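See below for the structure under consideration.
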C-alpha cells in the first residue's frame with residue numbers, strides 16, 4: 001500500500017468559543033480539487049489527507065503571527081494555597097506527626113495530600129517554593145532552569161554520572177514535575193499489569209490527578225510540524241489526542257495550561273485537607289531515626305533528622321512520628337525523594353550493604369544489599385536540526401511517536417542552550433534498556449549527590465536499539481515538513497552504514513532524565529512499598545521502578561502518590577477496625593449484648 005502523506009498548508013488560529021469542536025484551533029488544507037477548511041481537534045485532524053502543495057509566504061506569515069501570540073508572557077494567578085508552608089526548621093523541630101513524607105516531588109505531593117484527608121502530615125522538601133518563580137511557572141522560560149544550577153539554591157541540581165553524562169534532579173516543591181517538559185502520558189497497560197496494581201484504583205488515581213493539573217494543549221507551530229514529520233517517517237497510526245500509551249503518533253496532555261502556566265505536583269496539595277498538611281521547605285533530611293521494636297530484632301522508624309539546606313551539617317533538628325494511643329497505630333516515614341534521594345537516605349540511615357555502610361562509619365540498621373542497585377536511565381540520542389542557534393521561544397513537547405513495538409520514543413522540542421539562544425532537536429529514547437548500574441555514597445552530606453553509574457549502552461541489545469532509533473530519528477529529521485519549517489532544502493539522510501551509526505550512538509548518548517531504580521519492588525521494598533528489614537518505612541517514587549513507564553514517568557508518579565496514599569488509608573481503616581473489635585471495651589460491650 002502506497003504510503004499516505006500529510007503536509008501542512010496553513011496554520012490559522014480559530015475556534016476560540018469554549019465548548020465547540022474548534023476549541024483547539026483549525027487548519028486550512030489545499031489539494032488538487034481545491035481548498036477547503038477542516039476543523040481540528042488538537043491541531044491535526046485524525047483522518048487521512050490528500051497530498052498538497054505548500055503556500056510558502058502565507059504559511060510563513062501565519063506562523064509568525066501564531067508564534068507572536070505564544071510569546072505573550074503567561075501571568076500567574078495568585079491562587080488559594082491554604083496549606084501551611086514554612087522554612088523555619090526550629091518551628092518544626094520536636095513536633096510529631098501521623099506521617100512524615102520525605103521529598104515534596106512528583107509522587108510526594110499527591111501522597112501527602114491524600115494522607116492528609118485523615119491524618120496530620122509533615123512534608124519535607126529540600127528546595128523552595130515554585131510559586132512566583134518564572135523559570136518554573138512560565139512555559140516561556142521552560143528549560144532555563146536546566147542551565148542555571150548551583151550547589152544549594154537552584155530549582156535543579158546538576159550531577160554527572162560515572163559514565164560522564166550530565167544530568168539533573170529537581171530541588172523545588174513539585175520536584176521534577178516543576179522543571180520538566182510538562183509532557184503527560186499514562187503508563188502502558190502492560191506496565192500496570194506487571195506492577196500488580198489494582199486497575200480500577202489506578203484509573204481513579206489518574207483521573208484525580210488529571211482533573212487538577214492536566215490540560216489538552218493547543219499545538220504550537222513547531223509541534224504541529226513535528227506531528228506531521230513523525231507521521232511522514234512512518235510512525236503510525238495517527239491517534240489524535242490521547243493520554244494512553246498507544247503505538248503510533250499522538251498528541252498528549254500537558255501540565256501547562258492555556259495561559260502557559262505550569263501546574264506541578266505542588267498544586268495537588270490543594271486536593272488534600274489543608275489543616276492537616278505542614279510543608280517544610282529548604283530542609284534536607286539527614287537520616288531516619290530508628291529504635292528497637294520491643295524484643296524483636298527489627299527496628300522501627302520513630303522520626304527523622306534534618307538540617308537547613310543551606311545551613312551547617314552539624315546543626316541537626318528532629319521531627320517524630322506520633323506514638324500509638326489506645327486504638328491508634330503507627331504511621332510511617334515515607335521516602336519520596338526520587339531515584340537518587342531515596343536510596344541515599346536509606347544508606348545514610350543504616351539500611352544497605354553492610355560493608356559499604358561500614359566504609360562511612362554508619363551504624364547498621366538492616367543489611368539490605370540491593371539498596372542502590374539496578375540503577376537505570378533511558379539512553380537518548382538527539383539530532384540538532386538548525387545549523388546555528390537562534391533566539392526562539394523554547395517549545396516543550398506536546399507530541400510523541402511510539403515506534404518499534406513501543407521500544408522507541410521520539411519527540412521534537414526547541415530547548416534553550418543559553419539565556420538568549422535555543423536549538424531545535426528531534427530526540428528519542430530507548431524505552432526498555434537492559435543496561436543497569438548502581439548508586440553509592442560519596443560522603444555523608446545529604447545535600448551532595450551520591451555517586452551513580454548507569455552503564456549506558458553497555459548491553460549489546462541497547463546498542464542495537466540505539467542504531468534503530470538513530471536511523472528513525474534521521475528519517476524524521478529528513479522530512480519535507482521540517483525542511484519547509486526551517487526554510488531549507490530537504491536534506492538527505494546523514495547516517496548510512498551500521499558501523500557509522502554505532503559510533504554515533506557511543507559518542508552522542510545522553511540522558512532523557514527518566515532515570516529510575518535503586519529501591520526496586522521485590523528487592524528493597526515489598527508490594528506495599530514497605531522497606532524490608534525494618535518497620536515504619538516505605539518508599540513511593542521512581543526508585544521503586546525496574547523500568548520507565550510509558551513515554552514519560554511523570555504521569556505514573558503523580559498517579560502512584562495518590563494510589564499508594566489511598567492504599568495506606570484503606571490499610572489503616574482495616575487496622576483500626578481490627579484493633580477496635582479486639583479492644584477490652586468491645587469485649588465488655590459484646591458480653592452484655
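Every residue gets a Cβ built from N, Cα and C, even glycine.
Taken from TrEMBL as is:
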type	residues	note
BINDING	172, 285, 542	FAD binding site
DOMAIN	338-352	domain 'Glucose-methanol-choline oxidoreductase N-terminal'
DISULFID	466-505	disulfide bond
BINDING	512	substrate binding site
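In this structure, the C-alpha atom of residue 505 (disulfide bond) lies 33 angstrom from that of residue 172 (FAD binding site). Of all the recorded positions listed (172, 466, 505), 505 has the fewest other CB atoms within 10 A of its CB.
Under DSSP, residue 542 (FAD binding site) is assigned to a helix (H, G or I) in the three-state scheme. If you measure from the Cα atom of residue 285 (FAD binding site) to that of residue 466 (disulfide bond), you get 38 Å. Under DSSP, residue 466 (disulfide bond) is assigned to a helix (H, G or I) in the three-state scheme. Cα separation, residue 542 (FAD binding site) to residue 466 (disulfide bond), rounded: 23 Å. Taking the C-alpha positions, the distance from residue 172 (FAD binding site) to residue 512 (substrate binding site) comes to 20 Å.
Taking only the Cα positions, the spacing between residue 512 (substrate binding site) and residue 466 (disulfide bond) is 13 angstrom.
Looking only at the domain 'Glucose-methanol-choline oxidoreductase N-terminal' (338-352), the predicted model's pLDDT averages out at 99.
DSSP assigns residue 172 (FAD binding site) to a strand segment in the three-state reduction. The binding-site residues under consideration are 285, 512, 542. Their Cβ neighbour counts within 10 Å are lowest for 512. When secondary structure is read from DSSP and collapsed to three states, residue 285 (FAD binding site) falls in the strand class.
Under DSSP, residues within the domain 'Glucose-methanol-choline oxidoreductase N-terminal' (338-352) fall into helix, strand and coil as 11 helix, 2 strand, 2 coil.
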